[in-house]
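**Student:** Below: one structure in C-alpha cells.
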C-alpha cells in the first residue's frame, strides 16, 4: 500500500465559486473525496492539505518524508510562479511529484507561464480542470507500480 499526499495551494479553497469560467464549479472537498475514493479502491492511502500559507505547505512536505509518503500531487497555484522555497522543500525530501493545474496556465497572463516546479516534476498536467487531478493520481499509481516491480 502506497501513501500519496495531495497538496493544494492558495485560493483553491474557493473552488466552485472563484472564477468558475476558469476553474470550473467543482469544489475542493469534491476533488479530495474523489481522489481519496480512487486511491482507496486501488488499495492505497491518500492524504491532502490545502493552505494559503507557503510555510504550511513546506512544513507538510518536510513531514511527508518521515511519514513514508511515496508520491506527491501538488497544485501550487500562485506559488507556482514565485516559490523557490516550496521547490527546495520538494527537492530536499526526494519524493516524486506531479504538478497539477486546473487551468491551462499557458493560455493565461504571461506571468503565469513560468513554473519553479515543472523542470523537477515527474510530469505536469494543466488545463484539464478537475480531471487533471484524477489523471495525475492514475499516473502516480502507474509510477509506483512500475517502481515496485523487481
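In case you wondered, yes, glycine gets a Cβ from its N, Cα and C as well.
Straight from Swiss-Prot, here's the annotation block:
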- 18: site 'Transition state stabilizer' (SITE)
- 23: active site, proton acceptor (ACT_SITE)
- 75, 81, 88, 102, 103, 112: substrate binding site (BINDING)
- 101: active site, proton donor (ACT_SITE)
**Student:** Taking the Cβ of residue 102 (substrate binding site) as the centre, count every other Cβ atom within 10 Å, in any protein chain shown.
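**Tutor:** Other Cβ atoms found within 10 Å: 23.
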**Student:** Go through 75, 103, the listed binding-site residues, and name the one with the sparsest Cβ surroundings, counting other Cβ atoms within 10 Å.
**Tutor:** 103
**Student:** Any idea which of the recorded positions 18, 81 has the thinnest Cβ neighbourhood at 10 Å?
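**Tutor:** Counting other Cβ atoms within 10 Å of each of the recorded positions 18, 81 gives the minimum at 18.
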**Student:** If I take the alpha carbons of residue 81 (substrate binding site) and the residue listed as 'active site, proton donor', what is the distance between them in whole Å?
**Tutor:** 12
**Student:** Taking the Cβ of residue 88 (substrate binding site) as the centre, how many other Cβ atoms fall within a 10 Å radius?
**Tutor:** 14
**Student:** Hey, does DSSP put residue 101 (active site, proton donor) in a helix, a strand, or just coil?
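**Tutor:** SS state of residue 101 (active site, proton donor) = strand.
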**Student:** May I ask for the distance between residue 18 (site 'Transition state stabilizer') and residue 88 (substrate binding site), taken between their Cα atoms and rounded to an integer number of Å?
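**Tutor:** It is 29 Å, counting Cα to Cα.
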**Student:** Quick one: pull the CA-CA distance for the residue listed as 'active site, proton donor' versus residue 88 (substrate binding site), whole Å only.
**Tutor:** 20
**Student:** 10 Å Cβ neighbour count around residue 101 (active site, proton donor)?
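**Tutor:** Neighbour count, Cβ to Cβ under the 10 Å cut-off: 23.
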**Student:** Where does residue 75 (substrate binding site) sit by DSSP, helix, strand or coil?
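**Tutor:** Strand, per DSSP.
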**Student:** When DSSP is mapped onto helix/strand/coil, what comes out for residue 81 (substrate binding site)?
**Tutor:** helix
